[in-house]
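Here is the structure we will look at, set down as structure tokens.
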């Protein structure tokens, strides 16, 4: 394992922060689940903070009728002027696709949403959702396919999150006032508990930058290579449903 790249263990890397008995870690720290029922959702957060790096997590989302539920997986700092980098998965009725909602907050302000459908059913199997966060840009990836690039445009007066270290958070909660078709479709509590699963957490921490300049050449380049740019255009052409 290269220095700075770390395949995680949920016992070592995360705290179960809310939801009582609903969040669980099992398989020796290799698997984590969050559950939502009518009383409460649940969540966890990383013990460490990160300032730049690459975060990978495999998720298997709530199966069946997940309308009204939101599974959020994101980086965030604390306080009224917090920074945040979001993946949010908005549930749907059986047979309809999840909506993947992305957003970036800087100094407490968001409103930079892009939304996508996925090209697979994210509740059938585990898929890898990654955030690359560098001073030059933020890249969202799904199974290593880039879906969104947010470039640092501070030279144009656009704020960019680069000064506040962030923890990794995830939560599963009820948002049926807005999550599915703007709140028209409510959570069917007869299907509860709703459960999402997590595994294969991995982080390449920018603090150990020596390691990834040597071993991770992709870290040195500021732009996507040509095949990645083609994949990004493919996703944005066929799967993007909203762009702020």
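Just so it is clear, glycine is given a Cβ too, placed from its N, Cα and C backbone atoms.
Listed in TrEMBL for this protein:
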DOMAIN    4-198  domain 'GH16'
ACT_SITE  84  active site, nucleophile
ACT_SITE  88  active site, proton donor
CARBOHYD  92  N-linked glycosylation site
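Sequence-distant neighbours of the residue listed as 'active site, proton donor' (same chain, six or more apart, CB under 8 Å from its CB) are 70, 71, 72, 73, 74, 100, 101, 102, 103, listed in sequence order. On the backbone, the CA of the residue listed as 'active site, nucleophile' and the CA of the residue listed as 'N-linked glycosylation site' stand 25 Å apart.
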